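First the structure, in the form of structure tokens, and then the observations on it.
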């Protein structure tokens with residue numbers, strides 16, 4: 001990759017900690033002739049080494065209890081009350097327990113713990129990460145601006161595990177625009193449903209836990225329980241700004257107590273009420289259950305599916321932890337806890353079938369009722385954290401890939417890039433969660449909505465995982481078919497059952513998903529049209545030379561970072577700027593912030609600089625993946641790019657023609673002088689001109705995009721460029 005390396009210590013260059021200076025490595029990219037700047041951060045390396053160690057994995061596994069598994073391990077609070085059972089018998093309960101056991105074993109252990117976690121996109125998980133993984137390894141992306149250039153190291157053929165041989169499915173997906181759009185729609189739907197999960201999980205978890213206060217105090221009204229639940233959720237969302245690590249460290253002891261106490265109560269209940277409960281592990285009980293109950297048995301699946309709720313967070317929260325820690329915590333704590341807890345609940349209900357609709361607390365012995373109520377309430381709060389964290393992750397992924405309007409994303413950890421928090425999204429989630437509780441306070445209605453989200457997200461993950469197995473892993477057809485038939489059948493049956501609950505609360509996630517999908521599509525379509533306009537009307541180097549040769553155009557002192565969205569040419573805003581301002585700075589660096597379809601860009605490929613063949617005109621590409629933090633900010637950005645540029649000029653690569661050393665020295669000094677004379681950052685503020693010649697579809701969607709664009713954050717404030725250094729150039733694009 002590189003034929004020359006230079007290292008030096010820089011006080012602030014990319015360092016994440018004052019106590020550990022960064023190393024800066026500069027190398028030459030033979031493919032582009034550009035200079036690459038590499039930042040190696042001490043704390044990051046230490047964190048990676050800790051993550052690989054045994055104790056580091058155990059510590060992360062402990063922290064996962066407070067973030068990843070909250071929704072899954074607290075599901076016993078609301079599963080049985082969500083089932084519409086009519087006079088259930090002993091055999092019915094044994095059949096129900098058998099269904100839940102095999103659902104947890106197949107979907108939880110086999111699908112998510114062993115298969116999905118291995119389909120991570122360089123450490124990131126979730127449905128959108130699966131879509132990104134497919135886009136990186138196949139030409140199935142939609143946005144031109146997000147396509148990966150072949151002259152960079154992110155070409156598809158360099159990806160591990162990918163061969164040059166293309167299967168028939170790959171050729172079909174790459175050749176069909178309809179198939180690519182359907183794939184994007186599936187990924188968007190999965191993301192929208194996961195966000196819906198992040199809204200409903202806190203609502204149903206906290207509401208179900210707080211409802212326990214009504215058992216010893218029947219006079220407590222339902223309205224008071226809903227109000228208390230809303231207050232608890234507001235406090236929870238307020239804590240999000242402290243970051244996943246601090247929240248998980250605070251919450252993990254609570255969830256650990258819940259995870260250990262509920263199976264102990266379950267064992268007590270098994271011994272006291274029905275010691276033979278584990279005979280239900282035989283799948284024969286499932287067959288007998290459906291034979292006896294027919295349609296009613298099928299409808300009851302709408303409540304049973306909640307036993308696996310939160311399993312998608314196991315995959316989506318992967319970026320906050322790692323595969324080993326999640327697998328360790330699930331297999332040795334969460335899974336055994338759920339199996340024993342549900343066994344104890346079922347054993348109790350076999351002897352007390354009339355208590356079926358009274359919830360989790362009837363199953364608790366009176367002597368420990370209040371301690372368990374306190375732990376359950378705290379655990380329900382923790383349960384909300386898993387999907388809240390997952391929501392932050394998928395929003396961040398979609399924002400940096402330009403599928404969602406820009407919102408503020410804060411990295412809350414100095415060593416874990418995946419730990420993020422968004423104030424705007426946090427506020428919206430809080431408002432929606434509280435609204436769901438206050439407007440749809442009936443736990444059964446929320447449970448019906450919850451079942452729709454859980455089952456559809458699982459089904460979408462199964463479809464995307466199947467594509468990964470075929471196109472990327474290239475597994476034997478028989479194994480892929482077995483996987484798809486088993487899980488698509490199981491989850492398809494669950495989906496068919498929950499869709500009957502549309503009128504009973506199941507419409508809630510569809511309404512949420514429709515709104516989110518409309519926002520995503522409107523933003524996506526507007527960004528695509530802008531990119532197409534810029535590529536069609538771009539300015540090449542020859543045209544720029546003609547503009548600068550005009551005697552009326554002056555080269556003013558100073559250094560200018562001119563931001564552009566395209567690399568193969570220059571933004572049309574440049575021509576608009578020069579024609580109206582009649583000037584251009586002595587040193588101008590056309591800068592592109594380029595987000596690739598990868599979670600993380602290799603550090604030595606972060607910054608690429610090159611000459612453009614005109615006096616004082618250069619190009620710079622800053623490359624980031626959707627899981628990278630944009631740690632080049634303000635004056636730090638100026639210092640690092642100019643240092644890289646000066647070194648590139650002083651030590652040209654073998655692919656560049658030889659130059660006079662005195663001319664090179666003068667060019668380097670001009671850049672330093674320009675930086676001292678003043679730095680400005682110029683970006684375009686473009687809008688669509690929607691005229692009468694536009695169709696109705698374009699008018700509606702593009703006007704909606706303009707509303708979104710006017711109210712979202714710009715790219716420059718995310719880099720903390722000082723306000724006096726920012727210039728925005730307005731321009732209308734004809735739609």
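Yeah, the Cβs are placed from backbone N, Cα and C, and that goes for glycine too.
TrEMBL does not curate its annotations; it predicts them automatically.
Sequence annotations record features per position, and here TrEMBL assigns domain 'K+ potassium transporter integral membrane' to 61-543.
Under the heading domain 'K+ potassium transporter C-terminal', TrEMBL lists 557-733.
Annotation source TrEMBL lists region 'Disordered' at 1-24.
If you look up TrEMBL, you'll see 60-81 (among others) marked as transmembrane segment. Long-range Cβ contacts of the transmembrane segment (60-81) within its own chain (Cβ-Cβ under 8 Å, at least 6 residues beyond either end) map to 51, 100, 108, 197, 201, 204-205, 208-209, 244-245, 247-256, 258-259, 262, 303-304, 306-311, 313-314, 317, 320-322, 324-326, 328-330, 333-334, 337-338, 341-342, 345, 349, 356-360, 376, 379-380, 382-387, 389, 443-444, 447.
Taken from TrEMBL, the feature transmembrane segment applies to 93-114 (among others).
Tertiary neighbourhood of the transmembrane segment (182-204): same-chain residues 71, 78, 126-128, 130-131, 134, 140, 142, 173, 229, 233, 236, 309-310, 312-313, 316, 383-384, 386-388, 390-391, 394-395, 398, 403, 429, 432-433, 436-437, 443, 446-447, 449-450, 453-454, 456-457, 460-461, 463-464, 467, 508-509, 512-513, 516-517, 520-521, selected by CB-CB distance under 8 Å and a gap of 6+ residues from either end. Among the features that TrEMBL reports, transmembrane segment is placed at 182-204 (among others).
Non-local neighbours of the transmembrane segment (224-242) in the same chain are 202-203, 206-207, 210-211, 213-214, 250, 377, 381, 384-385, 388, 392, 410, 412, 421, 423, 426-427, 429-430, 433-434, 437-438, 441; each lies 6+ residues outside the stretch with a CB under 8 Å from one of its CB atoms. The transmembrane segment annotation in TrEMBL covers 224-242 (among others).
Annotated transmembrane segment per TrEMBL: 249-271 (among others), in sequence order.
Long-range neighbours of the transmembrane segment (298-316) within the same chain, counting only residues 6 or more positions beyond its ends whose Cβ lies under 8 Å from a Cβ of the stretch, are 68-75, 78-85, 96, 99-100, 103-104, 107-108, 112-113, 116-117, 125-127, 194, 197, 201, 290, 326, 330, 338, 342, 383, 386-387, 389-390, 393-394, 447-448, 450-451, 454-455, 457-458, 461, 493-494, 496-498, 500-501. Here TrEMBL flags 298-316 (among others) as transmembrane segment.
According to TrEMBL, the feature transmembrane segment maps to 328-348 (among others).
Annotation comment: TrEMBL describes 368-388 (among others) as transmembrane segment.
Taken from TrEMBL, the feature transmembrane segment applies to 425-443 (among others). Tertiary proximity for the transmembrane segment (425-443) is limited to same-chain residues at least six positions away from its ends with a CB under 8 Å from its CB atoms, namely 78, 81-82, 198-200, 202-204, 206-208, 211, 222-223, 226-227, 229-230, 233-234, 237, 240-241, 384, 388, 391-392, 395, 407, 449, 505, 508, 512.
Taking Cβ pairs closer than 8 Å, the transmembrane segment (449-473) reaches residues 82, 107, 111, 115-116, 119, 127, 130-131, 133-134, 137-138, 161-162, 167, 169-170, 173, 183, 186-187, 189-190, 193-194, 196-197, 200-201, 204, 302-303, 305-306, 308-309, 311-312, 315, 440, 479-480, 483-484, 487-488, 491-492, 494-495, 497-499, 501-502, 505-510 in its own chain, all 6 or more past its ends. Residues or ranges marked as transmembrane segment by TrEMBL: 449-473 (among others).
Taken from TrEMBL, the feature transmembrane segment covers 480-500 (among others). For the transmembrane segment (480-500), the residues of the chain that approach it from at least six positions outside its boundaries are 103, 106-107, 111, 115, 298-302, 304-305, 448, 451-452, 454-456, 458-459, 462-463, 465-466, 469-470, 506, judged by C-beta separation under 8 angstroms.
Under the heading transmembrane segment, TrEMBL lists 506-525 (among others).
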Out of 93-114, 249-271, 328-348, 506-525, what stretch is closest in contact terms to the transmembrane segment (368-388), meaning most Cβ pairs under 8 angstroms? 249-271
Taking all residues of the domain 'K+ potassium transporter C-terminal' (557-733) together, what is their mean pLDDT? 82
Checking distant contacts: for the transmembrane segment (93-114), what same-chain residues at least six beyond its ends satisfy Cβ-Cβ under 8 A? 72, 79, 83, 277, 279-283, 285-286, 288-290, 292, 297, 300-301, 304-305, 307-308, 311-312, 314-315, 326-327, 330-331, 335, 338-339, 342-343, 346, 349-350, 353, 458, 461-462, 465, 486-487, 490-491
